[in-house]
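The domain 'Peptidase S54 rhomboid' annotation in TrEMBL covers 234-367. Annotated repeat 'TPR' per TrEMBL: 475-508, in sequence order. Under the heading transmembrane segment, TrEMBL lists 192-208, 243-263, 275-293, 299-315, 327-345, 351-367, 379-399.
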Amino acid sequence: MTVRKEGIKVNEIAHRYLYWQLIEHYVLHKQFRLLALHDTQAWLEDDSVKPRRIIRLVYSEVDWSNRLKRDISHAKQQFESIYKQLGIWKMQGENIYVMSQPPIDSWEDALTPFEVKGSKGTIRNLALHSSVEEYQTVLDQELANDGVPPLRILSSEEDMMQAIERIRGQVKQINSTRRQNEEKMLQFGKPRFIYALLLSFVVMFFLLETNGGSTNIQVLIDYGAKYNPLIVEGEWWRLVTSMFLHIGLMHLAFNAMALFFLGTAVEQLFGSFRFLIIYFAAGLFGSIVSFAFNDYVSAGASGALFGCFGALLYFGKKHPTLFFRTLGKNILLLLGFNLVLGFIVPGIDNGAHIGGLIGGFLMAALVKMPKEKKKTPFYLSMSALILYVIASLTLVYFGQQQANASPELAVLEGQRLLEAGQYEEAQVFITNGLEIDGRQPQLLFMQAYLDIQQERVQEAKEHLEKALQEQQAFPEAWFNLTLIHIEQENYEQAKETIQQAIQYGEDSQIPDMDYYYEIEQQINEQLASSS
């Protein structure tokens, strides 16, 4: 049996009043957030400390220790559920019982602290019972840092009932006001510009499709895709215009859907003006990163969309509790999935994704959220702007140096100009590329093509042979060499080279193999007639 400490006894009404005084202290004075409120139970959260603190207050009469143990076991499950819902890494807290009398049998062992599954934090079990003095002793010993004022009992039950109703109303009002403020924060602006952006996506996609196709490289370049050789020549506007183009219907559909959901969230959180700054600044930074590290033609709004991710992460940094309670888990999961996908799936411009993510976060730090309570210091906002500018200029310089020393870019531009019939312009890029890397097989192949156009057959032959020394699996080079042998009436050599062309062509599954077979048949007929 437990020896009870004597003091001022509390009847049922006084007992309930003490319970509500504790709620009043934590909600009104300690600014705890109310997770749930009932006549006999309240769940409170302090999101200002790490690890996150959760308090469960229980107004109950527990006659036997077994019943207390069952309730603690049930409370553990509830703590674990809240832990998962909040999406936090670690949790601490208290499970506090407010009782007029403790259980009549031995019960102290039931108050052993427990750990929440998945969290390294500990939940303490406390019991306030018997008398006001006993209540205060436990509070002073176990919750000294909470500054709980001396509990009091009013002179009449009627006064205490009125005080309970007053506290209940104040707590509900504070909780309602907090929820309204959170809703205002989440819906500060109205989504307007995302519809204009979505319309621009559709209009540009229609123009691409009606002028050669959105998957046609030349059409993409003509309409403003990110193409490093032309950017280096001064067409820097491509870093912005590429954000409005999409390669294929699936690319358009995915980005439009992402803009609708992510863009709506960011425009509501930051307002339309801030959203536009974040969106275009992030898209520009993503394009710059792509320019620095990706030589290929690229298009799409992915950099700007990842900038929306960055802005939402900034929101999560400023309001972690609200972030994880509303968007957090889904945003982090979606962000992680897209980043991993960018590293696994070929053809995805992950540089633009990562650049957009960083750019979006920096711009969000610069423009800040509307009505921030904890304002980002001015020097930090300016640091974000300075970092953005310095990083952009550095990446542009790096991209220019890479372009000037990149034979791959010479291949891209040389091939484009040859297909357009601009032979003189192509010759400049091919010559510059061969000066950088005289063994680049694609450049040697294109140089041979130009040699043939200018009837320099022997030079073309030498360039093709050199290209094949560097890359055996090059069916087009074998085929062109075959044509030179035929022109020079070297049919035995032509037979050998066309067989190589067919072998590597079949391995590569090139589309015009019928022409290869036709040339082989002509060679065989010529050899047969000669013999």
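Backbone N, Cα and C define each Cβ position, glycine as well.
Please treat TrEMBL annotations as automatic predictions, because they have not gone through curation.
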For the transmembrane segment (327-345), sequence-distant contacts whose Cβ falls under 8 Å of one of its Cβ atoms, 6 or more beyond its ends: 87, 265, 306, 309, 312-313, 315-316, 320, 353-354, 357
DSSP residue counts for the repeat 'TPR' (475-508), split into helix, strand and coil: 31 helix, 0 strand, 3 coil
Intrachain residues whose Cβ lies under 8 Å of the transmembrane segment (379-399), provided they are six or more past its termini: 228, 231-232, 281, 284-285, 288-289, 291-293, 358-359, 362-363, 365-366, 368
Range from 192-208, 275-293, 351-367 with most C-beta pairs under 8 A to the transmembrane segment (243-263): 192-208
